[in-house]
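Asks: Questions regarding the structure given below will be posed in turn.
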């Protein structure tokens, strides 16, 4: 695979290999055949980051080869959304001959939605001034004249200039209902929107007929919490990053959801609060004891759950675990399988043509 060529003819074979590999890894814990969710074979990534290489009068996007560290010129990127590809061409054309916009520009980040909105961030090794803002506004207007629904942001050390706004609103059809998700620049969002829809619908399916409330640790912009709210009496979710909490609160209002409560705190602090070890001012007005959380949802980083969180989740009758690293999932299952058994197993092909696998398991108490 090269950045400008995807081996689409090999899609089925690479997916089949992942299914076999996941089944083998999960064999000590389950004999289930994974439910398999396919990605689009191209234009599946909704975000991408590129370094910018200056070559005389020319400049262009590059990425670095992971093995050799050599730079690779990238003029098109079929893994990314069609909108990102349009913007890559338009941004280079708009910046190449503009001394103020191109000087000390070292990176461009793209974030797009299925609803065809985009935020483009230009990263600089220099101070950004009013002259930069004027030129950036002219570029933004020129891009919009090409029917590109784009917002521009300039970034430098300790500086962020958002010309209009630093977010876009995604609209996803989830099990017959359109969900609105505000996505903030430089915050985590699911990279493969088509796969995100399938993950959310799978999570809805496995939690059908749930009793009681749902607890989610590290909910981000509320991606899972809000979609799953229809299956539970109430949802209690924690998140530590302020921009994500603000986006989640917006998403709750935009989707007219009245049974989700977001708390800004770390999982460890939440555990202390739940167990009555410590009191927190930010929990005033929230009666934790009134929640009957029968299900806990976790979507940890690549490192998986730490041992304290492992112990915490074992206290819940049902654990819904989305993993971006099956190796650490299996490590966690060595502990979790002592008290819980795997009821459902899914493979989500979030990153086609790479070694990476995303998977989901539903665990129920033995």
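Each residue, glycine too, has its Cβ placed from N, Cα and C.
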Asks: Which of 183, 190, 272 does Swiss-Prot put in the same S-adenosyl-L-methionine site as 218, 223, 239, 299?
Replies: 190
Asks: Among 190, 218, 223, 239, 299, the annotated S-adenosyl-L-methionine contacts, find the widest CA pair distance and round it to a whole Å.
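Replies: Farthest Cα pair among residues binding S-adenosyl-L-methionine: 16 Å.
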Asks: Between residue 299 (S-adenosyl-L-methionine binding site) and residue 358 (active site, proton acceptor), how far is it from one CA atom to the other, in Å?
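Replies: That comes out at 10 Å between the alpha carbons.
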Asks: What's the number of neighbouring CB atoms sitting within 10 A of the CB on residue 239 (S-adenosyl-L-methionine binding site)?
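Replies: Summing over all protein chains shown, residue 239 (S-adenosyl-L-methionine binding site) has 25 other Cβ atoms within 10 Å.
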Asks: Setting 190, 218, 223, 239, 299 aside, what same-chain residues sit with their Cβ within 8 Å of the center of the Cβ atoms that define the S-adenosyl-L-methionine site, listed in sequence order?
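Replies: For the S-adenosyl-L-methionine site the neighbour list reads 188, 216, 219, 220, 221, 222, 224, 244.
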Asks: Using C-alpha atoms only, work out the spacing between residue 358 (active site, proton acceptor) and residue 239 (S-adenosyl-L-methionine binding site) and round it to an integer in Å.
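Replies: Roughly 21 Å, rounded to the nearest whole number.
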Asks: Ten-angstrom check, please: count other Cβ atoms within 10 Å of the Cβ of residue 223 (S-adenosyl-L-methionine binding site), all chains counted.
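Replies: Step by step: centre on the Cβ of residue 223 (S-adenosyl-L-methionine binding site), count other Cβ atoms within 10 Å, giving 27.
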Asks: What's the number of neighbouring CB atoms sitting within 10 A of the CB on residue 358 (active site, proton acceptor)?
Replies: 23
